[in-house]
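A quick write-up on the structure given underneath.
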């Protein structure tokens, strides 16, 4: 029935090993709350909740009046629900994948190629680069969330080279001098020096990396045992990463990359070629529909060092510049809009006080997916008969130009995220 353009979804959970375990995971809590039949295994990781049409996690439709079983199948048969601009621009497909992540141990340090490079890599090595699309992504913190993102200001890196001899040993004297001298130069000289330093690290022999890392870990551990804070060289973080990934070259990357600590509602946007890693916490994430990842460390997976060193954006910036600030809506006092400089996706956050009895969701010229993080409501829409109950963890697909009204069934604040495509 094509008229059915608003319906609830059951979404796929990915149990990757880096996920938070059992009920400590926001993903697990959302899942358990939305489906009372789900039993959470307290010894298993619940890493990601996928809301979208990706072949490895196509959402199931929870409405037996609809003949198609999954959202991907339904959109293929009802492409107009995407909205005319989205349908034409993205060839009748939903252009984004919406997720919740619960991170216990660090994800690999990685970057995503731009479209041009993605097409080239996909042709050359489809086993490592499964599609030809770019993969910009945005993370919005649900709990305090730690990540690495983009190159630090050169002054900070030079300070680490002075204070961490093991780091300087891997970079080498020449590259270190070049970086110091570039500090007063033009941006091109800085980028070139930074690239040289980072490439030296990434191309170091495994045996030498392990030796230097062991020396550093021993030194930090002894100082910490003696009651000295090693915060000036990120001692705690280095020990934590080394425990998770012993001997991994990625442990040294903390001296190159900005460390961001996001509070709930704060965001970082990761455009093409920016090195990053999620370290710990829960977040909502939205990305272009792609699996292309070039890894640099903190991973047992394939590391494509030459592609990585070649492609990265070596423009340094302070960590505060890496925060992505939402805009407040002019029309809706409860709405914040995270609108990154890419066409594939936008995320909206709605924080509605429990004193409001009914809240109207803006109709958009785009299909969207809505996630209830907090609150209990019933959703109604002019085109669907009956009510759709939604509680914490509930996910709703909304076709383009559909207006949805949420009635609060309990006087508790709502926290809602919505992914869409605003062309």
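Any Cβ shown, glycine's included, is placed from N, Cα and C.
Look at TrEMBL and you will find 295 tagged as active site. Sequence annotations record features per position, and here TrEMBL assigns Zn(2+) binding site to 110, 112, 137, 276. Here TrEMBL flags 6-154 as domain 'Phosphomannose isomerase type I catalytic'. What TrEMBL lists as domain 'Phosphomannose isomerase type I helical insertion' is 170-257. TrEMBL lists 337-381 with the feature domain 'Phosphomannose isomerase type I C-terminal'.
Around the Cβ of residue 276 (Zn(2+) binding site), 23 further Cβ atoms fall within 10 Å across all displayed protein chains. A straight line from the CA of residue 110 (Zn(2+) binding site) to the CA of the residue listed as 'active site' spans 4 Å. Non-local neighbours of the domain 'Phosphomannose isomerase type I C-terminal' (337-381) in the same chain are 5-6, 9, 30, 34, 51-52, 75, 81-86, 89-90, 94-96, 98, 100, 134, 136, 138, 140, 142, 265, 267, 269, 271, 284, 286-289, 324, 326-329, 331, 387-423; each lies 6+ residues outside the stretch with a CB under 8 Å from one of its CB atoms.
Excluding the listed site residues 110, 112, 137, 276, the same chain places 111, 135, 270, 274, 275, 293 with Cβ atoms within 8 Å of the centre of the Zn(2+) site Cβ atoms. For the recorded positions given as 112, 295, the lowest number of other CB atoms within 10 Å of the residue's CB is seen at 295.
Spatially close to residue 137 (Zn(2+) binding site) yet at least six residues away along the chain are 112, 269, 270, 285, 286, 287, 288, judged by Cβ distances under 8 angstroms.
DSSP assignment over the domain 'Phosphomannose isomerase type I C-terminal' (337-381) gives 0 helix, 25 strand, 20 coil. Helix, strand and coil counts from DSSP across the domain 'Phosphomannose isomerase type I helical insertion' (170-257) read 68 helix, 1 strand, 19 coil.
Here the domain 'Phosphomannose isomerase type I catalytic' (6-154) has, by DSSP, the following mix of helix, strand and coil residues: 40 helix, 43 strand, 66 coil.
A 10 Å cutoff on Cβ-Cβ distances gives residue 110 (Zn(2+) binding site) a total of 24 other Cβ atoms nearby, all chains included. Confidence in the domain 'Phosphomannose isomerase type I catalytic' (6-154), given as mean pLDDT, stands at 96. For the residue listed as 'active site' paired with residue 276 (Zn(2+) binding site), the C-alpha to C-alpha distance reads 10 Å.
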